[in-house]
């Protein structure tokens, strides 16, 4: 139990997927202008990351490794994640329209989200079991969501502040992301 | 190895494609193709000004019917027409709206503390309410400027946001960002429907005016030479500006901050100045009205309350019809106010301006006799406004007051206005101290009689306007104070010949705060009179509301013979029946009736448009706001108040019914407007320091 607890804390704070691993910066900056949008995107990442990690683990363990095709990992994972996102989108649209509407544009955005891909690859590199991989994926997704929501809160306030014209929007967003990243480095001493 | 790799990837790809193909067949959801088409027609600005997250959200909302074709604040008319055509909608002209800043303070409001780095309005407002001594006014930090996506707002030199009407798209972001509610998005309808709230920038005069006229605004417009703008500002609250410019007793001036310096600004003189300018221009300035709603409303009574109600209903797009019992409109403006104070020709002109908007009129139609509420409903009227005034004179409660030769004040004035010949004789006694009593006395002087006014208190306690009292005195009216009538004495023909009165002395203050007059025993004296006019009060005549058996009345009434209604909505216990004016308040000012008429029109509008749900603001202003009533006004130099010019002099004044008071000249009006301190809740204009004063301070 302690192992999973540490895994969670490490994935959320110490090795935060976006602030410590620098993965998923595009959606991080692109969808952090509004807290509501940030929560939607964060939820979508958690959902897709968990599903993608589980399926890629199965593909790696039962297809690529037995055939000695580990070098195809990246290509295979891209294929699987893109297809999975498309499938999930269709499934939710038909079966759970309210959830589909709440995720909205974020599901297709995740197709090209390297954070999801990164989570799947990290699980393989660290040779996690299926259950651990899923737990790690969920924790990393939550870490992404927390970073996104915090940055959105900051940027909402920046909207009404006197920011030099050249720094408005993405530039000041990146500066804030950098500062947040520095702040998250302080968690390194936790574990 | 290569073959295995290729086959594996192919297999994975094929497997995925197969799964997706099957899924797309099984999970296919038909999507309205119009969403994409509408999105193509939108400008793609993704500004969020429409309230939806981006253009795709707006397109989906349009197709699902949650938003109309004009929801985009950026799209031009062309795009709007194309979207409407796609959606099978028709484009209707929408009332233009724009961001409006209601604060006069800016840098004139004193700072409470200096900022230490928190430079946005919301943070400043959360920290002790902001930097300014005014708890409601603009903080001047420009948050609204920062959030405007269209660069339509900038900070002006006075530290207040200035809106560029050409660039404003009424997206509402500035209003949303402002923590003080200083900025709102308003169109004509919302301005007409707005009631004074304590969070508005209410100068004392605005708080006191029963018509809620934006007085500082129109005085500033006069000062800037924008006389038409001033007329329009007044007409947003009062369609009878020419009338009020002549007869209003100016409650606003009693709370003018200049009272603490020298004398109040001649607010009413300025109103009359611009009103007369419009009058002498010969044409009414155009008054915009909202699009026709086709809802019919019956307005019973063509006095100031009824005219005001009909005017505002018409401006809100409804179709009012006025039913008037008398041969002409105007109510007590026509039949209770003498010609020398309010010329009938001018009154006709002003009323015609209201009727020209599209108000129907039925004259000589008496409520309760020619029609009633039921018959009005059958004729398609969806709401009724009762503004039947207070036409019954109160009695003196003196023995013999029913003798011939005793006329109630309002009855006398009405008979005179109708041109009936009244034998007033040579000596007239008018009992009372209000404006109606003075009107009766001055009318009798003009008809050639010797007039004595009997009032039971002292001159200082007379409720009539001081100028009216002085005017009556100058025209030869004699006063007998501390005298109350006890008995009317008549001859053998039943005609009054004398009035017996008792002298009074003032005792302890009564509920009104005035000292109660008490009779001096044995002081009874007889005074000769050909005509006795008791003008000591009026009350509504409610007989028209009762059935033939005079027992049942559809609305609730009070013991003062007024109609009971909700004090905020003016709705009676009968849904859809509203009231205002003297029949609701008891005898009151013209401007009170005008204000009541507007408030009733507002309620009727909501009653018709929202199925009876009439919203009342939480911060409604009901009384004067204590912290805005200053005892001391510093930094203002004294200046002389303008004097209203007299038009008639000498004998001409007593013998004719020509108008007595004139209007200010343009130079006088500009000088008087310059005396206005342009007050807000706590701020006002202080005079600039003179160079010599500065030098003296340095020395």
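For all residues, glycine too, the Cβ spot is worked out from N, Cα and C.
Look at TrEMBL and you will find B:1-24 tagged as region 'Hydrophobic'. Here TrEMBL flags B:30-89 as domain '4Fe-4S'. The [4Fe-4S] cluster 1 binding site annotation in TrEMBL covers B:47, B:50, B:55, B:72. For B:129-158, B:159-188, the entry in TrEMBL reads domain '4Fe-4S ferredoxin-type'. Annotated [4Fe-4S] cluster 2 binding site per TrEMBL: B:134, B:138, B:144, B:178, in sequence order. Annotated [4Fe-4S] cluster 3 binding site per TrEMBL: B:148, B:168, B:171, B:174, in sequence order.
Structure coloured by features recorded in TrEMBL.
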| residue | record | Cβ within 10 Å |
| --- | --- | --- |
| B:47 | [4Fe-4S] cluster 1 binding site | 17 |
| B:50 | [4Fe-4S] cluster 1 binding site | 23 |
| B:55 | [4Fe-4S] cluster 1 binding site | 23 |
| B:72 | [4Fe-4S] cluster 1 binding site | 26 |
| B:138 | [4Fe-4S] cluster 2 binding site | 30 |
| B:148 | [4Fe-4S] cluster 3 binding site | 23 |
| B:168 | [4Fe-4S] cluster 3 binding site | 20 |
| B:171 | [4Fe-4S] cluster 3 binding site | 22 |
| B:174 | [4Fe-4S] cluster 3 binding site | 27 |
| B:178 | [4Fe-4S] cluster 2 binding site | 23 |
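With a cut-off of 8 Å between CB atoms and residues at least 6 apart in sequence, the same chain places B:105, B:109, B:680, B:681, B:682, B:683 near residue B:134 ([4Fe-4S] cluster 2 binding site), listed in sequence order. If you look at the domain '4Fe-4S ferredoxin-type' (B:129-158), the same-chain residues 6 or more away from its ends with a CB under 8 A from one of its CBs are 47, 49, 99, 101, 103, 105-115, 119-122, 164, 166-169, 171, 173-174, 176-183, 198-201, 680-683. On a Cα basis, residue B:174 ([4Fe-4S] cluster 3 binding site) lies 12 Å away from residue B:138 ([4Fe-4S] cluster 2 binding site). Straight-line distance linking the Cα atoms of residue B:144 ([4Fe-4S] cluster 2 binding site) and residue B:174 ([4Fe-4S] cluster 3 binding site), rounded to a whole number, equals 4 Å. For the binding-site residues B:148, B:168, B:174, B:178, a Cα to Cα distance of within 10 angstroms from residue B:72 ([4Fe-4S] cluster 1 binding site) holds for none. Secondary structure of the region 'Hydrophobic' (B:1-24), assigned with DSSP and counted as helix (H, G, I), strand (E, B) and coil, comes to 23 helix, 0 strand, 1 coil. Distance from the CA of residue B:47 ([4Fe-4S] cluster 1 binding site) to the CA of residue B:148 ([4Fe-4S] cluster 3 binding site) is 10 Å. In terms of DSSP secondary structure, the domain '4Fe-4S ferredoxin-type' (B:159-188) contains 6 helix, 7 strand, 17 coil.
Its Cβ placed at the centre, residue B:144 ([4Fe-4S] cluster 2 binding site) has 25 other Cβ atoms within 10 Å. Here the domain '4Fe-4S ferredoxin-type' (B:129-158) has, by DSSP, the following mix of helix, strand and coil residues: 5 helix, 4 strand, 21 coil.
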